[in-house]
Structures are given as structure tokens and as C-alpha cells.
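*Asks:* According to TrEMBL, the protein carries these features:
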TRANSMEM  C:12-34  transmembrane segment
DOMAIN    C:78-267  domain 'ABC transmembrane type-1'
TRANSMEM  C:80-106  transmembrane segment
TRANSMEM  C:113-135  transmembrane segment
TRANSMEM  C:141-160  transmembrane segment
TRANSMEM  C:195-224  transmembrane segment
TRANSMEM  C:244-267  transmembrane segment
Amino acid sequence: MGASVLQVKNLRTVLDLSSGSVPVVDDVSFDVGAGETLGIVGESGSGKSMTALSIMQVLPQPIGRIESGEILLEQTNLVGMSDEEIAKVRGREIGMILQDPHTSLNPVFTVGNQVIEALQINNPGTPRRSLMTRVVDLLKKVNVADAARRVHAYPHQMSGGMKQRVVGAIAIAGAPKVIIADEPTTALDVTIQLQYLQLLREIQDETGTAILFITHDLGIVANLCHKLVVMYGGKIVESGTVSDVFRAPSHPYTEALLNSVPSVDQKVDRLYAIEGQPPALSADRKGCSFAPRCPYAQEICKRDVPQQEAGLSGADNHFASCWNMGRKT
Amino acid sequence: MLRFIFTRLSHMLIALFVITVIVFSLSHLTGSPIDALLPDDATQQQIDSLTEHLGLDRPYYVQYLTFLQNAAVGDFGDSTKWKGNTAAGVVLERLPATLKLGGLAVLISVAVAIPLGVLSAIWRGSIFDRMAGIIALLGQSFPAFWLGIILMWIFAVTLGWFPTSGYGGLSYMILPAIAMAWFQIAALTRLTRSAMLEVLDTEYVKLARVKGVSERAVIWKHAFRNAAIVPVTYFGVLAGSLLTGSVVVETVFAWPGTGLLAIDAIRGRDFPVVQSVVMFFAVFYLLANFLVDVLYAVVDPRIRFS
Amino acid sequence: MKKTPKLLGRLPFLPIAVLMIVLVIPALFADLIAPHDPFKAYLRNRLQPPLFFGGTTEFILGTDRLGRDILSRIMHGARYALVISLVGIILGAIVGTVLGLIAGYVRGVVDALIMRVVDITFALPSILLALALAAVSGPSFQLVILVVVFVIWGFFARQVRAETLILRERDFVARARVAGASDIRILRKYILPNIINTIVVLATLQIGVVIVLEATLSFLGIGIPRPIPAWGLLVADGRQLIVSNWWISFFPGMAILLTVLSVNMLGDSLRDWLDPKLRQV
């Protein structure tokens, strides 16, 4: 693992709603090195996708904005860059794979066209013809069968798995240092999911790119990631290496998530059997946002926000934010 | 694609069939066309001979088939007002003037409405957007005939920039074309704006952004290309409104096209000419809508290949 | 229902005020408030300009070619705009709703047939129909109403059908059916009450269209027959004189514009309040 390629420091992103400024990413920090995969885990609404959109600076307009913090790409702060500068970072430095392949490709252009566009952005002035061979290479690299013919296909003529491979090809077209994958396998069939994760791993082995893998599925994290951060209500509640966190989950939410992961030999009727709903967006919040659903919640949890402390594994890069750490029975 | 065209073509033929039935019934069921064709003091003999000549003594379905046969070759009888001309001939002669004016009106509406709609979607909630909204509301509330008169009063009479009315070159066409385009600008702006808003919210626009496409290309290439499908479908409606508009605006500005012809023919009780105008308009309208359907398929590959 | 006080707060004041002043009050009380007889020609006062443009308080909006008071004529004309649009829309709404209910409830061939006819009525530009009808029968009230109904029923039919298709699958309809309610009763008691909001909003949104349509037909001489002072006819009166006497066309047209503008604004806010999904229509 090399030095940090991407470092996020105290990131705070808000949505300006009619009810006021609501933080959706609150004091989030993490870093990921070359060849390393960081999993960001949480339910929908936990702020994990908003973190990704903040890094890319494609927050919903006009309501979303980064309020404070730094996003360092090899020492360069992306926060506060002009639109032109950040556009040069997108695709070239950081590639992204979106959740639903059925909606993330433009229906009126052929897939070849959409991959070429990504190549053109990274190689301005190169004639289309010479790029075409590279498109086929890229599609082969992401295991699109019959790539030479498929370049002329429109998205609606392909399966979801194929489309997501094309999106992957677009993401790696600029040979980015970081790839952000926002739940890339959620919309795919289980067998296709595994193939796709394998593909991501191969790409990483070959290019040494850092991957930010956003998911709600701890099973995938165990499989793919080196480190993880667990998000809840816009905050990181626990972070550490995958082995440390899985061995000694220190936050009740992580614990609950782990309990809800089906193991291979155990049939589970329902995933995520965590009682209650994730917190609604609101401007004024008090205490730990997990408190309403937490089986260990006490008075202090509802009153004060817990500070980050060393996690139960004892490792020096394992942290969690909970009033009850080590006091649970 | 061929099947798609075939289905659309058959829809068009069904509509055309219904329209011919309506036009035919109008000329026969609402009173004998004899009354319209002959003077009030016509003798019984005149009536009888005309009845026989027109085949009105035969059963309705035979008459309808004859009508259809003639209509197919554009024969709607002779004009009673413009003596010595066929009704279709009179209409054809006036058609270029209407097409010229209508073409300019379409050009104006598209040139104004598309940028207005796209920009107000991009700058949603801005002052520009609100202004566009007011323009759209005004556009939908102005009666075209009155707008024409007011334009004439301000720009032709008071300011003297354009001729008041009549047939001629571009300077004669501008005011009527604006009067005709006004309502379309409103409708098309609203349509473009909402289509654009919808598309800007999609995942593929997000993907285009995150892959590094410049904001301009995101809007005009990725988003507009998709949003354009909606305004394109509106061109069918546009064609119909322009025919309606031509009747109104040509009357106001004394522009000698088919619209004015239709009004003159009604005043002169020249039923064959009215009939041919209606049929011409209907065919034009259906054809325009058919072309729009085909165009729609060209723009959207999902339709082309399904 | 707690909706009433909310409704008062939500409905825009200005459009309603304008609508009352320009359309409703004159339509109801033209005989009482109009300063002159709308048909009486004051030949000595022909082509009087309006007040502030060299005219007098006697003829505030001026007089026409025959010396008739334009204000009084506009006030009397309001009656026809109101009556025709109301009658036309109510008839159109009834025809469209009944056919839409049948199409959505019965489905199958009947549905396909009715929807095909809707498509065709949309395919026939309204003015054409009016032209053809007027050529045969001459201008008349019945003709205007017929054209109005023809133009608007399809909007109602389409929307009502779409909502009926959804409603008929709902639990409370199934329950009523099991309980032995007849089709007519289901339609009247269970489906119609759930689409009445849609119908009201659609009707409001159509008023503007209908008023412009009626005025246009009258202007072209294929709508309301003379000498009735319909607004479209009043504008037509001044068309030839716009070069010298602008007020004859200007004020009646202004009445149309203000009415339609207010109705459209009212319709927009009514839609946002009662039935936001119609924003696409």
C-alpha cells in the first residue's frame, strides 16, 4: 500500500432545503492509498453517496454544497476549485461507476460513442478512428463479449451486466488514480455481481488504482476491501481495517450490520433486521443519531454527540464513536 | 422500423377515412348541397337536373364512394365563387403563401422557444426563469387575432416599421409570423423546459459529468439530445395550430393564403372550396404528424429498434 | 373538511378580482351597471376617443363607428363569454367523463374504440370543423357550443380513463363488487368521487382555451352571429379602423386577455393545490 492518493479531511456537505441547511455529510475523514480498496458502508440516507458526489462535486444543484473540509488528491485540494479545473479532474484523475447501469448510459448514443467520448476527453485532438481500436480494447478489458460488434450497440440492446461493464470501461478510460464505485452491483444478478467484483479486482491489480467502494453489503466489503468506514446519519461511526472491524465491531450499528449479513451456510429470511428507520434529514439534531434505534442507548446518547475513540480491537487505526464502547454487556 | 412505419401509416389512413366521412356527411346531412349550389329561385327542373348530375339520387354509400374516388385524385368539383376554376386548383394556388408564412412562424417559434426553454431549465428559479414563465403565461393567454391587430397598430401604424397588411416580401411577413408564432413560443418553451429539467436529473447526465464532459457538452449534447424528443413530438400539434393560425392571422393581415381563402369561400358559400381546404388541411396535418412519428424514431433509438 | 380555509388562503387574489370585475359582475349585472344601451347608436357621437385620449366621461372607453358605447358593449359581451364557456365546458366535461369512465371501466374493444376516436378528434384542427360547419349552417350559438365540446371532450376522456383504469383495481372497488354493487353504482359511488378533483382542475384549465376559441370563431364570423356584442365580434368591428381608431379593437381584446390570463393563473394554482400530477397535461 502506497501513500494516500485521496484524502478526505473533515468534509461537511449540506443541502439547502426550505427547512434550513441540512448536513448530509458531517465531519467525514478517511484516506485511501494506491492499490487499496476502501469500503464505505451504510444504509441509504447514511451519506455515503453524498460523500462520493462531494468528491466529484456533482452534488444536486442548486441545493447541495460543500460547506467545509478538504478533499486532497495527491496534495491538491479539490474543494474550492473552479468548474473548469474540477472538470479536468473528473474522468482523468477520478473515475466513477454509478449504481444503476440501466439508467446511467445515455439512451441515444451507442456505447462505443460513449466510451470514445471519455477517451477524447483524456486525449484531446486524437482522431476518432485511432480511438476506436482503443474502445474495443477497453471493452475487451472489462470482458464485454464480442466487443468489436458491441461498440455499435445502443444501451437498450445490452443486458444490465454488460452495461455496467461499459460504465466500468468509461471509468477506466482516463486511467484514473481513483475509481469511485457507488453500489455498482446492487442492480445486478448475484452471479453477475461476483463476476463484476472480480473484474474490479483485476483492474486494480493491473493498474494499481485506488478504489472507493460504496455499498450497503458487508459481505462484499469482506470480499473486496482492505479498509472500511461505516457511515450513519452523515457521520462516520466506525472505521478501520476490514479484519479489525469484523473481528471486533465497536459501534452498535456496525454490530447490527454484521449480524444481518447472511453467511453462506445459513439461510436468512430477512436482511438488515435493524429495528426502526434511518434518521430523516433535519437541520437540528442532538446526540448520537443512532440512539433511537440503538439497543444500548442511554440518556447521554440522546443528549451529546459521541467523540471518536480507539476501537475495541486495539489497533491504532481502528476508531469508533460511541458512548458505550466497552461498557456494553 | 418498417413495422413501426407501417403501423403509423395505418393509423393515418384510419384517421383520414373518418375525416372523409365527416366531410362527406357535413355536405349531405346538414342540408342538401343543392341549396348551397343553386340560387334560391331555382326551378324544380334545375334542381332535378343538378341532383342527377351530382348523383344525389343514389344511395349514400354509393355517393360516398364516388366522393372518395374523386377526393383521391384531388377532385372536389368546381369552385362556385371563382368561376372556371376547380376547387382544388384554387386551394393549390393559395397554398404557397400559407406555407411561406407558416414556415417563418415555425422558424421563429423554434428559434425563440428552444433556447428560452433550455436556459430557464438550467437556471431554474432565477429571474430569467421567472421571466420566461411570464412570457409563457402571456403567450397562452393572448388571442392571436387580437395580438395581430395590436402588433399592426404598434409596429405598422404608429412606428411605421412594417407595412400594415397585404402580400409581399419579408417585411410583410414578419408581423403575421410573430402573431402566429406567439402561442407556439409559449407552449414550446414550457415543454422544452420541463423535458430539460427531467433529463438534467437523470443518471446518464450525472455519468457524463463525472466522466469529465464539459458542462456545455453535458447540456447540449447529452441532455438536450434526449430532451429534444419531447419538443419534436410537439411539431405535430404545431402543424395543426399553424393551420388554425393561418385562418386567423391571414384574415387579420389580409394575407392571401388558404386560410383567408377558406373564410372568403364561406362568405361566398363556395362549398367545394371549403371542402377542399378542409381536406387539404387534414391531409397536411396527418402527414406532418406521420413525419413527426418517423422523426421521433430517428431521434430515439429505443423506438427505432423495438 | 378542513380544506376550505386553506383554499381561501391559497387561491390568488388578483386573478379572482380581475375575473370578477371583467367577467362575472358584468355578465350578471350588465343591464344594471352598463352606462348605455349596447345596441343604441349615438350617431352624433361616432368614433369618440376614450377618456384621457380626448374623450369624455360619457363614453369612458370611446364609441365605435355607429356611436355605440364600447364599455357597455364589452359588459354585455361578458355574458356570452361566460355562458358559452360554462355551457361548452360542462357539456364537454360530461361527454368526456362518461366516455372516459366507460372506456376505463369496460376496457377491451370499447376502450380501444373510444380512444381511437379521441385521437381522431385531436387530429382534426378545431377551426377546420368550425369552417365546415359554418359553411353549411351559418354562424350560430349551437355551432360554437358544438365546436367547443368537440375540442375539449377528448382531454376529459383521456384523463378520466387513465384514472378509472387505476381506480377499478383498487381494494375498495373490489370490495364493493363482492358486496354486490352494480357497475353503475360502483362508477357513481366509488370511482367518480375520486376523479372529481381532476375534472374540476381540467375544466378550469380549459376555460381559457374555450374563451379564446369562442372569440376567435366570432372574430372570423363563424361563431356567435351579429348583432350580439360578443368580444370577438367587437374586436372584428375595429379591425379595419385600427389605423385611425385603435380603441375599438383594443378594449374588447383587453377584456379577453385579462379574462384568459386570470383564468389560466387560477387554473395553475388550483391544479397545484388539488391535483399536482396534472402538471404534465
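A Cβ is built for glycine as well, from the same backbone N, Cα and C atoms used for every other residue.
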*Asks:* Which stretch, C:12-34, C:80-106, C:113-135, C:244-267, tops the Cβ pairs under 8 Å count with the transmembrane segment (C:195-224)?
*Replies:* C:80-106
*Asks:* Where else in the chain does the transmembrane segment (C:113-135) make close Cβ contacts, counting only residues six or more beyond its ends and a cut-off under 8 Å?
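*Replies:* 99-100, 102-103, 143-144, 146-147, 150-151, 153-154, 157-158, 161, 213, 216-217, 220, 222-223.
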*Asks:* So if I exclude everything within five residues of the ends of the transmembrane segment (C:80-106), which remaining residues of that chain have a CB under 8 angstroms from its CBs? That is, six or more out.
*Replies:* 23-24, 27, 114-115, 141, 144-145, 148-149, 151-165, 167-168, 183, 186-187, 191-192, 195, 199, 202-203, 206-207, 210-211, 214-215, 224, 228-231, 256, 259
*Asks:* Mind checking which residues reach the transmembrane segment (C:244-267)? Cβ under 8 Å, same chain, six or more beyond either end.
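*Replies:* For the transmembrane segment (C:244-267), the nonlocal Cβ contacts are 11-12, 14-16, 18-19, 22-23, 47, 49-50, 53, 61-62, 64-65, 70-71, 73-74, 77-78, 81, 201, 204-205, 207-208, 211-212, 215, 231-232, 234-235, 237-238.
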*Asks:* Determine which residues of the chain contact the transmembrane segment (C:141-160) at the Cβ level, with the cut-off under 8 Å and only residues 6 or more beyond its ends counted.
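*Replies:* For the transmembrane segment (C:141-160), the sequence-distant neighbours (Cβ-Cβ under 8 Å, at least 6 residues beyond its ends) are 84-85, 87-89, 91-93, 95-97, 99-101, 103-104, 114-115, 118, 121-122, 126, 129-130, 133-134, 195, 198-199, 202-203, 206, 209-210, 213-214, 217-218, 222-224, 278, 281.
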